[in-house]
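I have placed the structure first, in the form of structure tokens, so that the comments after it can refer back to it.
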């Protein structure tokens, strides 16, 4: 194997050198396969280029017609009297420059430069200061690093041309195997911090999205049926249980998603489709996550029995509580935003006050699990959907509660043998919807005695035991629901006829939600872990 370092023997200039040989074109080739002019060579600290070497042709004055190699002038040696023992020693300092690559070297990534057009606050308010000489003069280490990086990139390109794959360390290969989707773009997102650790601060832009701004001061128009996919958001490594737009209209470009991969994420689902932040505050699956009414905090609960109120920008926990059951549903009180209801794998629903961090009231029934909660009458009443579906379960499938006294208002609402995994309130009519495992949406009155409509039934989708969600459009004209086969179905509220069917996902579509401001934007999530924004 030829040596990668070219030694110049001062005793004999005519003997063959295995690491460097002269060709007829006047160039010297080293063992690495790179060529340079004959007037260039390594020195102890510098590199010299001769004028003759730069203009060398086929008939060189340093070569005789007998093809015998004549002694070359040692123009590249800084110490002409050095002996071989001195040349074998380590050089006193690194060379300042090396052979230039085929293209100009890129600027060093370690050198921080301000973006174009960026003016610091001090420069905008005070007189311009004369920059220091140390700032203007590049350091010797930085120039050495840039030249070395450029030479390394040239060597990598040469090896690529020779079909030699560069070596990848084992640590990087293991990281690539663990993160196959880390290919960049909006589909692959960087992993979040470990569980219990606050993520990096999230800077929420104070300006309103240019797509939302024209609709803020106007009345909501008629909802139109979406036609195509605007963004396909990938980043979760588990099923996405629910999604929700930010309730503050000027910040409604943000979308919240809760997943079984122990995280919940905030996306910019209107402008760019990128993940803004990942929150890993739970040690088990996150079953429910809700925006606070102010749009600055997120309430989350999961299978680790934990409840967290996380600040959106700092990532810290404003409130933390420990439930005695696995949490499946959370709802803020519509009037008192410091109080929320929590239900899950328990026969009791609990009301928490975040100011004291304690449970203030309990609502107990003969059930095993609460599937969903829906507030009525501006928070004075609420409905709970349970998992009771036996023959004598007419008093336990959907229960109406008085929020203040914890008394049951009605327990004879739904009389069929199907559970209802989700509930949705109509924005303008005094009615609510119940998603049933009978593969249809049932319509009920939202005032006592909560009668079910026998004339209108929205069917055509499949539930099959999934927690398939449903929702009404902001104008109330359309209903949307997911399906266990991945479809997204929209119905006319008045006629109960199907308005549109979208082939949304390859696995079960769990969550569907209309944008509160944009009339034709719809978000859907699936058991496969992906989210789609339709327009």
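Each residue, glycine too, has its Cβ placed from N, Cα and C.
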Worksheet item: According to Swiss-Prot, which listed range is region 'Disordered': 121-140, 141-160?
Response: 141-160
Fill in: Averaged pLDDT, computed only over the residues in the repeat 'WD 6' (460-501)
96
Worksheet item: By Cβ distance under 8 Å, which residues at least 6 away from the ends of the repeat 'WD 6' (460-501) in the same chain are close to it?
Response: 220-223, 225-226, 241-242, 371, 421-422, 424-429, 433, 435-439, 441, 507-514, 516, 519, 522, 524, 526-527, 534
Practice prompt. Using DSSP, break the repeat 'WD 4' (365-411) down into helix, strand and coil residues and give each count.
Written response: 3 helix, 21 strand, 23 coil
